[in-house]
2 protein chains.
Amino acid sequence: MLYLIGLGLGDAADITVKGLQAVRRCSRVYLEAYTSVLTVGKEALEEYYGMQLILADRDLVEQGADKILKDAAVTDVAFLVVGDPFGATTHSDLVLRAVHAGIPYKVIHNASIMNAVGCCGLQLYNFGETVSVVFWTETWRPESFYDKICKNRSAGLHTLCLLDIKVKEQSIENMMRGKKIYEPPRFMTVSQAADQLLQIVQRRREAGEELGVTEDTLCVGLARLGSDDQVIRAGTLQQLASCDLGGPLHSLAVTGRLHPLEVDMLRTNAEPNALERLIEVDSSTFTS
Amino acid sequence: MLYLIGLGLGDAADITVKGLQAVRRCSRVYLEAYTSVLTVGKEALEEYYGMQLILADRDLVEQGADKILKDAAVTDVAFLVVGDPFGATTHSDLVLRAVHAGIPYKVIHNASIMNAVGCCGLQLYNFGETVSVVFWTETWRPESFYDKICKNRSAGLHTLCLLDIKVKEQSIENMMRGKKIYEPPRFMTVSQAADQLLQIVQRRREAGEELGVTEDTLCVGLARLGSDDQVIRAGTLQQLASCDLGGPLHSLAVTGRLHPLEVDMLRTNAEPNALERLIEVDSSTFTS
């Protein structure tokens, strides 16, 4: 049996009881380590489970799936994923390989940012399409996430922005030389994401375009959701561009039309009395 | 401390280790019992936790919140919610009451249908706004969910449809007589939801309207997700209207534009060779 087990969002104890029981039954346990991270590392999980884990990087999952699935028809193998197992495309790929090899699989679900974001007070059913904000390079500065956010806002909907993670990336130089030397991991912060959005706002304003999101748009920065030191910060896009929410992982929510109960919840995470003013300013840029 | 603890989707063992530890620390434990249900009942949970639970119906949560929060500043109280605690609006309300009473609170997240739906193979970030399909009555037959599904589809997005739950409802007769006699609980099935959608399709066709969803639209029925006997069934809306996916809870996903990997995953839950034909037929009604 192949078990795909979600680890949730915080630390080792966020695994479900069912998930922990399955892990302890398995003869091999892989830890997927490139689409998300917990606030604790591999060693903490190994100590908690009382077992060794095999780190599964992108190469192993995408090209070495046969290794992961080896003997899984006759023994139990676990594939651990931070959050819920179906957050990332490559895990569907692993499931399909198992199915085609006649290996039964079982999913043990857990919280992911896709539903845990609700704790900031924005109602889940008022979210539109989720977007990914990628690290810009000097030559690659996509803006499609901005347009999707504006589209959600024009329908009155909030947007969850998943922020880029770069793990085990090679510099172009090392890649060309075939050297397997990797850059230190990078996790986009709320501040970096807000800064990229502000640059888009600026560029489009200069181009004379109508703006669905501006410096005054009300946003919510989220850091280390589900852990003891999680931070939720409501403020304008401009304010979030200069905030420091601490270590990874970060996510950003851009608000759409707000229900009074949502405002009340956001107020618990904003400077006193600041929120009404923010909403008033933001409403003037609201396109619907 | 007020703990809001998600129970996940399947049975008692789907609680997280952190959640279970918190429950066992608490002097009072409430089980929210009107926005969702597990495949096991209150007694099974009590046996699993080794504690008594207090059933919290809508009246208690909405009007008796003070009772739930009593002494929570000096003792630990848990409020258990199937899925994740922030799926339903009324739980924000409970949190706000705690905040205003100076009671600290902590959320222990878990899987909910909002993210677990990804296991059917439809990618979470390709979902648009979530909709609720309510039981029609003779005099109240809202169609707004149909329009939202069409709007998502025209943007290429899938739609998760949450299906109605009626727990502790009174008949109009008993309500008028002030009798606290309740109707048996009702949980909308995939078949019932599909049937209501088909009636809308039919009515709008007769009215000469353009149709964003038809009998041939590819949908996925989901039942008891996360439990051992979960069922996932891909088929046309027409096919799902006559399927029997067993006991509650059910949900329905209406597909938008499909990525080849999503098709591969859906194929594992459809009749052999049926899916390509379904997609071909559906594409002809696809509006974007």
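Placed from the backbone N, Cα and C atoms, the Cβ positions cover glycine too.
Since this is a predicted model, take the numbers as computed values, not measurements.
If you check TrEMBL, you get these features:
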{"type": "BINDING", "residues": "B:Leu9, B:Asp84, B:Gly87, B:Ser112, B:Ile113, B:Leu163, B:Leu225, B:His250", "note": "S-adenosyl-L-methionine binding site"}
{"type": "DOMAIN", "residues": "B:1-240", "note": "domain 'Tetrapyrrole methylase'"}
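Positions of TrEMBL features highlighted on the structure.
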{"residue": "B:Leu9", "record": "S-adenosyl-L-methionine binding site", "Cβ contacts under 8 Å, 6 or more apart": "B:Leu38, B:Val82, B:Gly83, B:Ala111, B:Ser112, B:Ile113, B:Ala116, B:Leu225, B:Gly226, B:Ser227"}
{"residue": "B:Asp84", "record": "S-adenosyl-L-methionine binding site", "Cβ contacts under 8 Å, 6 or more apart": "B:Gly6, B:His109, B:Asn110, B:Ala111, B:Ser112, B:Met114"}
{"residue": "B:Gly87", "record": "S-adenosyl-L-methionine binding site", "Cβ contacts under 8 Å, 6 or more apart": "B:Thr35, B:Ser36, B:Val81, B:Ser112, B:Ile113, B:Met114"}
{"residue": "B:Leu163", "record": "S-adenosyl-L-methionine binding site", "Cβ contacts under 8 Å, 6 or more apart": "B:Ser132, B:Val133, B:Phe187, B:Met188, B:Thr189, B:Val190, B:Gln192, B:Ala193, B:Leu249, B:His250, B:Ser251, B:Leu252"}
For S-adenosyl-L-methionine: widest Cα to Cα gap among B:Leu9, B:Asp84, B:Gly87, B:Ser112, B:Ile113, B:Leu163, B:Leu225, B:His250 in Å: 17
CB contacts for B:Leu225 (S-adenosyl-L-methionine binding site) [other CB atoms within 10 A, all chains]: 25
CB contacts for B:His250 (S-adenosyl-L-methionine binding site) [other CB atoms within 10 A, all chains]: 24
CB contacts for B:Ile113 (S-adenosyl-L-methionine binding site) [other CB atoms within 10 A, all chains]: 25
Local confidence of the prediction over the domain 'Tetrapyrrole methylase' (B:1-240), expressed as mean pLDDT: 94
Packing count at B:Ser112 (S-adenosyl-L-methionine binding site) (other Cβ atoms within 10 Å of its Cβ): 31
B:Ser112 (S-adenosyl-L-methionine binding site) in three-state DSSP notation: coil
Collapsed DSSP category at B:His250 (S-adenosyl-L-methionine binding site): strand
